[in-house]
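Asks: Following this message is one structure expressed as structure tokens.
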């Protein structure tokens, strides 16, 4: 993980630059000006990863400058991380003086939530034994966290291997299980704004929604309340299991979740070939009015873009505005951008999250 150049006095100017950049990318499509959703200036990041760096007999949390990956920047705190992470950092540093915990420890990962949950992953260049287990159990109790120990071919869990989050969308609180090692949105406050925007933009519908790349159900849960039924796809087994748990714990019963990639579902809808994982799913029985996509940085592949043309409405959340613009260019002859938004998930970096609603011309 690289260290962002943190300076709250520059935040507003950086956000304005991102807005101008997004507006410029979407200008060829006559898009409206983006709605802008800012971030807290500090303590916004709910997860963080640090290497450990030795200087003499002492070891420190370390990150690296994006311009020089070989030179560490030693840290005692991390202002962009959540207050919970900053509280845990010195207490964990004191604990790794215990040889059972500190011997050949080379990396530490923190995962926290707005709801107050926390999990620490400790990564080692050695096998973990019963002495480690005993020390980790004691530390977990002292810190009020779960701990996962990792070494090659080994993963030991003290407590739980997930955290629990609660996010309010349109007045309803949704509970999310977020597994260790799986993707979650790092900026919880901005994630909540994204969910509320998407819920508002989708609107109340009397037809069905197809969702690609659903992850742990982050968007699935609130969007399912706006439509008749949802067919959602995700390729990661860990994320699928978390999504199924999240659907059940929130009482959302109008979602069918299948473990397929977007490319595979496209083949299924085009009747290129059958998939065993779709056994019992009547694809032709759905009345899809909207498509929701939240693809990886590469955006939608050409076949998925062609699939998207079939939908009257496309709600697209993007972590890469360049591939978003490229995908819109493919769809521009059939769809127009009617709403767009900038979500500042990653302050003090050039990265941005954005969203658009496209409607058929």
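Every residue, even glycine, has its Cβ placed from backbone N, Cα and C.
If you look up Swiss-Prot, you'll see 319 marked as active site, nucleophile, on the strength of sequence analysis. Residues or ranges marked as active site, proton acceptor in Swiss-Prot (evidence: sequence analysis): 353. Swiss-Prot lists 185, 213, 218, 234, 294 with the feature S-adenosyl-L-methionine binding site, giving sequence analysis as the kind of evidence.
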Asks: For the S-adenosyl-L-methionine site as recorded (185, 213, 218, 234, 294), determine the largest distance between any two Cα atoms, in Å, rounded to the nearest integer.
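Replies: Output for S-adenosyl-L-methionine binders 185, 213, 218, 234, 294: max Cα distance 16 Å.
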Asks: If you count the C-beta atoms lying within 10 Å of each candidate's C-beta, which of the binding-site residues 185, 218 ends up with the smallest number?
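Replies: Each of the binding-site residues 185, 218 was scored by Cβ atoms within 10 Å; lowest is 185.
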Asks: Whole-number Å only: compute the distance from the Cα of residue 185 (S-adenosyl-L-methionine binding site) to the Cα of residue 319 (active site, nucleophile).
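Replies: Per the Cα atoms, residue 185 (S-adenosyl-L-methionine binding site) and residue 319 (active site, nucleophile) stand 11 Å apart.
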Asks: State which of the following recorded positions has the fewest other Cβ atoms within 10 Å around its Cβ: 234, 294, 353.
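Replies: Candidates: the recorded positions 234, 294, 353. Fewest Cβ atoms within 10 Å: 294.
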Asks: Any idea what DSSP makes of residue 185 (S-adenosyl-L-methionine binding site), helix, strand or coil?
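Replies: Where residue 185 (S-adenosyl-L-methionine binding site) sits, the three-state DSSP reduction gives coil.
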Asks: For residue 353 (active site, proton acceptor), what is the secondary structure by DSSP, using just helix, strand and coil?
Replies: strand
Asks: So for residue 213 (S-adenosyl-L-methionine binding site), how many other CB atoms are inside 10 Å of its CB?
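Replies: Total other Cβ atoms inside 10 Å, all chains included: 21.
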Asks: So if I draw a 10 Å sphere around the Cβ of the residue listed as 'active site, nucleophile', how many other Cβ atoms end up inside it?
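Replies: So the number of other Cβ atoms within 10 Å of the residue listed as 'active site, nucleophile' is 19.
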Asks: From the Cα of residue 353 (active site, proton acceptor) across to the Cα of residue 218 (S-adenosyl-L-methionine binding site), what is the distance in angstrom?
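Replies: Checking the Cα atoms of residue 218 (S-adenosyl-L-methionine binding site) and residue 353 (active site, proton acceptor) gives a distance of 15 Å.
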Asks: Calculate the distance in Å between the alpha carbons (Cα) of the residue listed as 'active site, nucleophile' and residue 213 (S-adenosyl-L-methionine binding site), and round it to a whole number.
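Replies: Residue 213 (S-adenosyl-L-methionine binding site) has its Cα 13 Å from the Cα of the residue listed as 'active site, nucleophile'.
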